[in-house]
Amino acid sequence: MDTQRLSLRKENGSAHSLLQDQTGLKENTMNIPRDSSFNSIFGPSEVVDDAGTDRDFKHESHKFSITRAMPEKLAGKNIAPFLAKHIPEQYAPLGSHAGEPVESSGANSRYCYRHRPDLKCRRQADEPTMDKLQRIAKELETLPQRDQQGIAHAWSIFSAAPAKHRKLLLQGIMAQCCFPQLSFISASVRDLIRIDFLTALPPEISFKILCYLDTTSLCKAAQVSRRWRALADDDVVWHRMCEQHIHRKCKKCGWGLPLLDRKRLRESKRQIELRAATWDISEQSTEDETGSPAPESASSNAKRKPESDDEDTALVKRHCTSIVPRLEKEKDGDYFITRYRPWKEVYKDRFKVGTNWKYGRCSVKVFKGHTNGIMCLQFEDNILATGSYDATIKIWDTETGEELRTLRGHESGIRCLQFDDTKLISGSMDRSLKVWNWRTGECISTYTGHRGGVIGLHFDATILASASVDKTVKIWNFEDKSTCLLRGHTDWVNAVRVDTNSRTVFSASDDCTIRLWDLDTKTCIRTFHGHVGQVQQVIPLPREFEFEDHDAECENDNVSVTSGDSPAASPRGIPGLDAGTSETQSSPFGPAFDNGRPAPPRYIVTSALDSTIRLWETSTGRCLRTFFGHLEGVWALAADTLRIVSGAEDRMVKIWDPRTGKCERTFTGHSGPVTCIGLGDSRFATGSEDCEVRMYGFQS
């Protein structure tokens, strides 16, 4: 037998002696076809034909032998069982022979990431991989036929081996490698161990991972591959991103983006109602499908309260398009196809607007037409309403700048107004309030009852509150036609704000105080002291606004909060606790709020003629922050969850960060004191005694 065989005993078995003896061995001719050696590069399941020469690995108790060359017939007998055992679907297609024990292949049925059949079927070789395979094939062709067959044979054995055997083979190979070879392995493995984990993981886990990324990282992830782009651009990921940033400041990055267009919100709700009327989707309410649009609107002198809690939470409740594909396939025709905007597009649109706010990039429109100072304004969608000391109200088209109509009827200057889809209510120094159909210019009704001029009003649902020079606040109930008078201020009442959710009213007065009233008991439940000038505006912040306690910096030495009509401060400075009241009282607003009644808005913002703006916490009565920057008294104020906008006697308009107190930007342009401000998500408008209205647009 012309085959050479080397045997080493395990007690003396050192790799060193093995290497020395291997140098004298001769290769035997292997009759493996050339195409078989080439094909073995591309598939781990390719194996050598049974007729080919093979190597026999035998483990004995104290010795092992390595066969370098043997007859083809003997090699086939030794290797074929090994191949049939580990890849039976190719070498034993009809099953095992009768009487042969069948070992469990459980350990061999678990695939690693690179060899998972489902991934291998989907995986496409990229250009670097194809180039590498072609280089290996060309390099293999340069070798002698005998060497090609030997290398291909070694690859086939390794490919057919299970994980445990492969590990042993690799350990033996690396134990015999020199440093240049180990360095080559290290450099090659560095790229090979990089796995496409997003493709390997279930989509739910991939979405969870991507939700931790910021917008820049998400955009970079979308450039990796088509699969990554599909995952990174999915509505599940960007809906979460919008939840974190739109209409609120993100706690991680500090960015906050404005809400969406209220007009688009209403259109989307109408589409949903039409679809709901056409086929039954009883499990989904229309409030849960408010769509991608959300409000971007204005206020008169201050940020108006959202029309409903559903609209305010529409952003969170909107279903993602990827979650409700059923709606797109239920009916034929474009009429029944959902028209949701992708959340990434929504975020992109809002991000552009937020960036314009941050850097002051805006367009300016000037509205001229009044003949006396403008004292109040409000805008909604493309409608702007302004009231002036010339006793007129003008309705404007904000898109074209055209004056649509003029409402006449008051006998004196108009100090306040507010409108919705159906009506406009105005207050005048002639002591009356008028209700108008602003679309036609018709005066529907006139309300009288104050003994002085009406200089402030606010309505919400069926409740109207008016503030007057006669030092009182009057409540008008449109539903039951009842009225009541709230007395307590000792000077002009300049502003009022109704919160129907908690059934409370805030008022600001020239007596330098702010009061909180209970509409159920018709009593004052809180008085805030702190300003040293006449308080002109009070704005409750939206309930989504969050303020970190450690950001509070206002000194409370000159601030006092009283409960009820008592002029004394509450014990320990805790509002809602009179001198004889126990601290165990559950609600800081009194026993009327103990039975599940919603509490008033947690934060309010006020401005006064002492040139300052203050941020208050209503539950504790603390002044959390004082904003300094205006040179003269602050007449106008507007606020939302992202910013505060103020206008003052110094003819300047300032934008503030309510959390830090920093003045982010100052706008000039008016030639008279700024008397009123309307704030939207993508724009704001200012009115002045110079008879002009200036609208600043930050749209993308």
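Backbone N, Cα and C atoms are what each Cβ position is placed from, and that goes for glycine too.
What you see is a predicted model, and the numbers here were worked out from it, not measured in a lab.
The domain 'F-box' annotation in Swiss-Prot covers 195-241 and is backed by sequence analysis.
Taken from Swiss-Prot, the feature region 'Disordered' applies to 282-313 (among others).
Per Swiss-Prot, region 'Disordered' is recorded for 556-598 (among others).
Here Swiss-Prot flags 369-406 as repeat 'WD 1'.
Sorting each residue of the repeat 'WD 2' (409-448) by its DSSP state yields 0 helix, 24 strand, 16 coil. The repeat 'WD 2' feature in Swiss-Prot is assigned to 409-448.
When the repeat 'WD 5' (583-626) is classified with DSSP, helix, strand and coil residues number 3 helix, 16 strand, 25 coil. Taken from Swiss-Prot, the feature repeat 'WD 5' applies to 583-626.
Per Swiss-Prot, repeat 'WD 7' is recorded for 669-700.
With DSSP classes pooled into helix, strand and coil, the tally for the repeat 'WD 7' (669-700) is 0 helix, 18 strand, 14 coil. Residues 300-301, 304, 307, 372, 375-378, 380, 383, 385, 387-393, 395, 454-459, 464, 466-469, 476 of the same chain lie 6+ residues outside the repeat 'WD 2' (409-448) yet bring a C-beta within less than 8 angstroms of a C-beta in it.
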